[in-house]
């Protein structure tokens, strides 16, 4: 795209001129940047897609809506625009209200809980829920700086956090940690909630809670951290692979995935490689689990016993041969080739050691090597070179 041209095909200058020609009473207060235009277009595309998908039904659940929104990199303002646009387009957003006590307990019945989690759930289960009018009243008091109202609104929605967190069990984080991250998202939602926009608090908070949990999973769930943007790419690849599996009845090839994602095959292979989970060398193997994976993996960096013995014998013979040289020649070769400490020195470094020029060290080295090439010495090392 040429520089200075927006996705609409008009230059920034043209956009500015168009806005100047708008009547003064309706003229926009600021120039819309190209980035803001792209963001608005993205919101419009998402809303249009949701309207098309749920037009017949006339409503969409908060969780289903968040499933769609999580596939896009959206900011809080864009989320609010979508929440506002859907009802205006005839699509109502409703909560599945898992905070209800019976549904709340049922949602957790399939999760193995330890004592700390049970104690926490017992505590938050005692907190009474809020009606719509009570939420609005608390929100009004919050705007006036009432900290008690903020605390009450947060505590009344802790069950919502638990209900959402249980959807992410098994993704690499403990259930209690998921709840903790969800609570952080809930606190952000409480801070940013504006009742005057007409949103029900639980509808608004669900997105913040889910975003906080999914970001935490991306940052903390893996032994080797993967950037959030790459986690989103991996999730997209997983969704595409699942769709292709259902369509074709078999695992899709990298070429098929690349075509569906509109990327190179090499990029797909790279994403698949990054997505692999590390495997512990202590992983039990066999029915009795008396062996571990590490027992079957060769360590190609460790010397075999025969190589180790050969190296010791070579070093003994080499020291014996060096002993036939003059002390100065022997020390020069030891320093030059790092025989003692494995750190070879340059001619200049060895020269400083003997307080002579590098040329003189080169001459001593050359003379010593000529002596080592003599059959009386070289045949003692020859066997180790075969």
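Any Cβ shown, glycine's included, is placed from N, Cα and C.
The region 'Sigma-70 factor domain-2' annotation in TrEMBL covers 153-223.
Beyond the domain 'RNA polymerase sigma-70' (177-190), the same-chain residues lying 6 or more positions past its ends with a Cβ under 8 Å from any Cβ of the stretch are 117, 120, 142, 150, 153-154, 157-158, 160-162, 164-166, 168-169, 201, 204-205, 207-213, 215-217, 220. Positions annotated as domain 'RNA polymerase sigma-70' by TrEMBL: 177-190 (among others).
For the motif 'Interaction with polymerase core subunit RpoC' (177-180), the predicted model reports an average pLDDT of 91. If you look up TrEMBL, you'll see 177-180 marked as motif 'Interaction with polymerase core subunit RpoC'.
Under the heading region 'Sigma-70 factor domain-3', TrEMBL lists 232-308.
For 321-374, the entry in TrEMBL reads region 'Sigma-70 factor domain-4'.
Nonlocal intrachain contacts for the domain 'RNA polymerase sigma-70' (346-372), taken as residues 6+ away from its ends with a CB within less than 8 angstroms of a stretch CB, comprise 321, 324-325, 328-330, 332-333, 335-336, 378. Residues or ranges marked as domain 'RNA polymerase sigma-70' by TrEMBL: 346-372 (among others).
Under the heading DNA-binding region, TrEMBL lists 347-366.
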